[in-house]
Amino acid sequence: MAAVKTLNPKAEVARAQAALAVNISAARGLQDVLRTNLGPKGTMKMLVSGAGDIKLTKDGNVLLHEMQIQHPTASLIAKVATAQDDITGDGTTSNVLIIGELLKQADLYISEGLHPRIITEGFEAAKEKALQFLEEVKVSREMDRETLIDVARTSLRTKVHAELADVLTEAVVDSILAIKKQDEPIDLFMIEIMEMKHKSETDTSLIRGLVLDHGARHPDMKKRVEDAYILTCNVSLEYEKTEVNSGFFYKSAEEREKLVKAERKFIEDRVKKIIELKRKVCGDSDKGFVVINQKGIDPFSLDALSKEGIVALRRAKRRNMERLTLACGGVALNSFDDLSPDQLGHAGLVYEYTLGEEKFTFIEKCNNPRSVTLLIKGPNKHTLTQIKDAVRDGLRAVRNAIDDGCVVPGAGAVEVAMAEALIKHKPSVKGRAQLGVQAFADALLIIPKVLAQNSGFDLQETLVKIQAEHSESGQLVGVDLNTGEPMVAAEVGVWDNYCVKKQLLHSCTVIATNILLVDEIMRAGMSSLKG
């Protein structure tokens, strides 16, 4: 009888073989759910929430976040996989598949009496060799637009259908290249992802500027201005209460009038400063003038600005204020005390677009914008969500490639070559730990196997062909998902991120090792025993 039982009769305990069986079945269960998602030919999953909302996705990260996973071990694996996505932006499904397969291969040896500790030693030896092999096969190259397009396409085609992936690929790469600065980390927050329920998903485009999800608040303001000066400010153009708690008292109607006039004059002086600046920079030309304010603008001020032909937008979102100055230039002002023309930004075109009851303001044709907008279009909500998730992963894949300065061949090529390298390395490992290395090598082959299976080909036949081709040619050969034949991934331009593969090897080995070394599961916590 378990020691914990004597202390706590209500505790539930699973020991030795039973504990291992529970853990391995959980890992395999999760693997079976995500197995069909892998790769460009993977199938979709439909998630229906309690409220009846539908989400169509084949992104492993979205699935693991949205699914309600009850089993503690499966939940642990799901958290590791989603952490992989948070760090690198890809590899979630591969993570779950490899952990499941490592446990499955280990189970074969454990059922024959091998101790889990020996297998885990083999796993560690295999991981060291695999990481060393990854260093050898990585391709260091200049990250030009063409290479980045290949990287983005490889990532995006696993999330959305090929035609849409090709449209998104160029937009994603161009947006990163627009905001990239020499010797500085890439800040993906400088790429605004704006949704518009309109037209079809292939109309998604890159706007070299900014799109704001609101319009001007005055009916007489221009809907379109060209060659416009942009004044970005965070100054109240409406009467506001004082920040400290204060009161004003008047004895007569005349005094009240004076108070109202003083309040009004305070705002009017600010508006006059804007109008004077506009006259100074525009003169009699047709140039436009746009004021974008984070705080409010009252109807009187809007009226005065409108009469001068100034387009004014109020209550702009805070996150857009930084992007505005990066896209258009200029300075975001907190006071109008010393307004000067060199504080203004510039945009070639500013126009308002009305879609149903929603209004959008486009600020385009900026000179060298350091902040851009990806405008996602789609006919319905779940298409927009799916594209948004795909774009986020695509952006991170491109950023990773630039940060790493290298890529590795995809389509299962690295895994096949790595498995062969591990089998050659096996004799140099002492004793029974060799079996752990063998299990690790076999587990890695799950990736090319599942890629072939999801494309409708015989997985054993495809794998044998690829291994034979790799042995003969010595090149990194992957699966051609259209024909099921071997292909040299590097020649076709199928590239994966180096940091994703590296993280994958680390996290899968650690979690599989920890799960294998669990020999007792105790359900004896306070909360689990209530009732």
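Think of each number as a place in line: the chain as shown, counted from 1.
Glycine is no exception: its Cβ is also placed from the backbone N, Cα and C atoms.
On its own chain, K159 (ADP binding site) has K58, D59, A165, Q386, D389, A390, D393, G394 as residues at least 6 apart in sequence with a Cβ closer than 8 Å to its own Cβ. In this structure, K159 (ADP binding site) belongs to neither helix nor strand by DSSP; it is coil. Taken from Swiss-Prot, the feature ADP binding site covers G39, G91, T92, T93, S94, T158, K159, A411, D496, and the record attributes it to similarity to another entry.
The ATP binding site annotation in Swiss-Prot covers G39, G91, T92, T93, A411, G412, D496, K501 and is backed by similarity to another entry. A411 (ATP binding site) counts 29 other C-beta atoms within 10 Å of its own C-beta, drawing on all protein chains shown. Reduced to three states, the DSSP call for A411 (ATP binding site) is coil.
The Cβ neighbour count for D90 (Mg(2+) binding site), using a 10 Å radius over every protein chain in view, is 29. DSSP assigns D90 (Mg(2+) binding site) to coil, not to a helix or a strand. Under the heading Mg(2+) binding site, Swiss-Prot lists D90.
When secondary structure is read from DSSP and collapsed to three states, K251 (SUMO2 cross-link) falls in the coil class. Same-chain residues at least 6 positions away in sequence with a Cβ under 8 Å from that of K251 (SUMO2 cross-link) are not found in this chain. Residues or ranges marked as SUMO2 cross-link by Swiss-Prot on the basis of similarity to another entry: K251.
The N-acetylalanine feature in Swiss-Prot is assigned to A2.
According to Swiss-Prot, the N6-acetyllysine annotation covers K5 (among others).
K199 (N6-acetyllysine) counts 12 other C-beta atoms within 10 Å of its own C-beta, drawing on all protein chains shown. Look at Swiss-Prot and you will find K199 (among others) tagged as N6-acetyllysine, backed by similarity to another entry.
Counting only same-chain residues six or more apart in sequence, the Cβ atoms lying under 8 angstroms from the Cβ of S205 (phosphoserine) belong to A171, L374, L375, K377. The phosphoserine feature in Swiss-Prot is assigned to S205; the stated evidence is similarity to another entry.
Listed in sequence order, D227, A228, Y229, V281 are the same-chain residues six or more apart from K287 (N6-acetyllysine) with CB atoms under 8 A from its CB. The feature N6-acetyllysine is assigned by Swiss-Prot to K287 (among others), with similarity to another entry given as support.
The Cβ neighbour count for K365 (N6-acetyllysine), using a 10 Å radius over every protein chain in view, is 17. According to Swiss-Prot, the N6-acetyllysine annotation covers K365 (among others).
According to Swiss-Prot, the N6-acetyllysine annotation covers K377 (among others), on the basis of similarity to another entry.
In this structure, K388 (N6-acetyllysine) is part of a helix by DSSP. Taken from Swiss-Prot, the feature N6-acetyllysine covers K388 (among others).
With every protein chain in view, the residue among the recorded positions K377, K388, K501 whose Cβ has the most Cβ partners within 10 Å turns out to be K501. Across the structure, T93 (ATP binding site) and D496 (ADP binding site) are spaced 14 Å apart at their Cα atoms. Note: the Cα of D90 (Mg(2+) binding site) and the Cα of D496 (ADP binding site) are spaced 9 Å from each other. Neighbour counts of Cβ atoms within 10 Å were compared for the binding-site residues G91, G412, and the top value is held by G412. Same-chain residues at least 6 positions away in sequence with a Cβ under 8 Å from that of T92 (ADP binding site) are, in sequence order, D59, G60, N61, L64, A81, T82, Q84, D85.
Its Cβ taken as reference, G39 (ADP binding site) is surrounded by 24 other Cβ atoms within 10 Å in the chains shown.
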